[in-house]
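As recorded in Swiss-Prot:
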- Glu126: active site, proton donor (ACT_SITE)
- Cys12, Cys96, Cys199: [4Fe-4S] cluster binding site (BINDING)
- His41, His74, His124, Ser227, Ser228, Asn229, Ser271: dimethylallyl diphosphate binding site (BINDING)
- His41, His74, His124, Thr169, Ser227, Ser228, Asn229, Ser271: (2E)-4-hydroxy-3-methylbut-2-enyl diphosphate binding site (BINDING)
- His41, His74, His124, Ser227, Ser228, Asn229, Ser271: isopentenyl diphosphate binding site (BINDING)
Amino acid sequence: MKILLANPRGFCAGVDRAISIVERALELYQPPIYVRHEVVHNRFVVEGLKQRGAIFVEELHEVPDDNIVIFSAHGVSQAVRQEAKERALTVFDATCPLVTKVHMEVARASRKHMEVVLIGHAGHPEVEGTMGQYASLQGGMYLVEKPEDVLGLKAIVKDPSNLHYVSQTTLSVDETADVIDELRRVFPEIQGPRKDDICYATQNRQDAVRELAKDVDVVVVVGSKNSSNSTRLKELAEKLGTPAYLTDCPQDIEPQWFDGKVKVGVTAGASAPEELVNQILTRIKELGAQSVEEVLGREENMFFEVPKELQIKQID
């Protein structure tokens with residue numbers, strides 16, 4: 001049995017930045033450091049940060065006064081920002097800059113009193129944060145998940161000629177394309193972002209899985225079940241006809257996943273660390289894999305700076 005390892009895989013620039021923000025805050029300010037929501041959706045990463053003194057909460061009322069709070073990579077609503085300001089909490093914002101771009105699109109549309117449609121999954125923290133950027137009382141903001149949801153908007157959209165759409169950054173490109181096509185069919189005048197909202201890392205990892213799935217008998221996606229982009233990778237492989245499994249724990253891997261399989265594809269969601277990928281590879285080798293081959297893929301050079309207050313100066 002042979003393992004083919006997808007490229008690119010694992011951490012993206014936004015996740016790297018978010019984790020660095022928590023690590024540097026712990027180093028510079030000492031524990032406890034509070035983090036609103038899991039900084040990234042990966043159990044392995046979150047447990048490691050907890051052990052170093054990070055305390056993860058779901059809402060700001062769980063953060064004691066006079067403390068530091070970090071907003072997760074998924075972003076927060078304006079109401080959460082205002083609450084932090086009113087309580088004079090020290091805030092470090094780990095929102096991915098690509099999510100912030102979508103937030104700015106929504107805020108801009110809101111100022112123009114345009115109605116906005118967000119393509120995304122209800123309950124996902126990125127969606128909650130993005131919906132929370134809209135403030136216009138004259139317009140409205142609506143969430144759709146699939147093409148079938150679009151027709152229902154006809155009864156509630158006030159002005160189809162003044163309508164804009166944005167997308168959750170971690171959806172599959174295919175998923176959003178179908179919804180966008182339906183939006184344009186039902187609302188021919190709808191406007192969209194100048195550049196697709198799906199982030200570069202999501203796109204690149206999905207492209208890599210498309211190629212990988214053609215050449216293997218089964219795909220293992222390293223990532224947590226609450227990670228949207230990791231789940232999309234699994235679904236994409238399955239859509240292409242290749243059995244796929246999502247795991248963030250080597251002990252969860254079942255020997256029968258590989259019964260009769262010759263080639264095993266392995267990739268990782270944008271919030272999965274390479275350390276965890278290596279643990280998964282070790283487990284698959286224990287189950288009979290004899291070699292690992294890296295598959296060539298698109299090179300990524302994206303880098304996002306941490307806030308200047310957390311930039312640790314080198315001492316000569």
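Cβ atoms are placed via backbone N, Cα and C, with glycine included.
Overlay of Swiss-Prot feature records on the structure.
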residue	record	Cβ within 10 Å
His41	dimethylallyl diphosphate binding site	30
His74	dimethylallyl diphosphate binding site	28
Cys96	[4Fe-4S] cluster binding site	26
His124	dimethylallyl diphosphate binding site	17
Thr169	(2E)-4-hydroxy-3-methylbut-2-enyl diphosphate binding site	27
Cys199	[4Fe-4S] cluster binding site	26
Ser227	dimethylallyl diphosphate binding site	25
Ser228	dimethylallyl diphosphate binding site	24
Asn229	dimethylallyl diphosphate binding site	26
Ser271	dimethylallyl diphosphate binding site	33
- Cα distance (Å, whole number) from Ser271 (dimethylallyl diphosphate binding site) to Cys199 ([4Fe-4S] cluster binding site): 13
- Nearest to His74 (dimethylallyl diphosphate binding site) by Cα, among Cys12, Cys96, Glu126, Thr169 (recorded positions)? Glu126
- Distance between Ser227 (dimethylallyl diphosphate binding site) and Cys12 ([4Fe-4S] cluster binding site) at the Cα atoms, whole Å? 13
- CB-centroid shell, 8 A cutoff, (2E)-4-hydroxy-3-methylbut-2-enyl diphosphate site His41, His74, His124, Thr169, Ser227, Ser228, Asn229, Ser271, site residues removed: Val40, Glu126, Thr170, Asn226, Ser230, Gly269, Ala270
- Task: Determine, to the nearest whole angstrom, how far the Cα atom of Asn229 (dimethylallyl diphosphate binding site) is from the Cα atom of Cys96 ([4Fe-4S] cluster binding site).
- Result: 14
- Query: Cα distance, His41 (dimethylallyl diphosphate binding site) to the residue listed as 'active site, proton donor', nearest Å?
  - Reply: 11
- Note on the structure: Spacing of the two Cα atoms, Cys96 ([4Fe-4S] cluster binding site) and Ser228 (dimethylallyl diphosphate binding site), in whole angstrom, works out to 15
- Tally every other Cβ atom lying within 10 Å of the Cβ atom of Glu126 (active site, proton donor). 26
- Query: Applying the rule Cβ within 8 Å of the centroid of the Cβ atoms of Cys12, Cys96, Cys199, what extra residues of the same chain belong around the [4Fe-4S] cluster site?
  - Reply: Ala13, Gly14, Val15, Ala73, Pro97, Leu98, Val99, Thr169, Thr170, Tyr200, Ala201, Thr202, Ala270
- Message: Rank aside, I only need the closest one: which of the binding-site residues His41, Thr169, Ser228, Ser271 has its C-alpha nearest to that of Cys12 ([4Fe-4S] cluster binding site)?
- Response: Ser271
- Local Cβ density at Cys12 ([4Fe-4S] cluster binding site) - other Cβ atoms counted within 10 Å: 27
- Item | Alpha-carbon spacing, Ser228 (dimethylallyl diphosphate binding site) to Thr169 ((2E)-4-hydroxy-3-methylbut-2-enyl diphosphate binding site), which is rounded to whole Å | 10
- For His124 (dimethylallyl diphosphate binding site) and Thr169 ((2E)-4-hydroxy-3-methylbut-2-enyl diphosphate binding site), the CA-to-CA distance in whole Å is 11
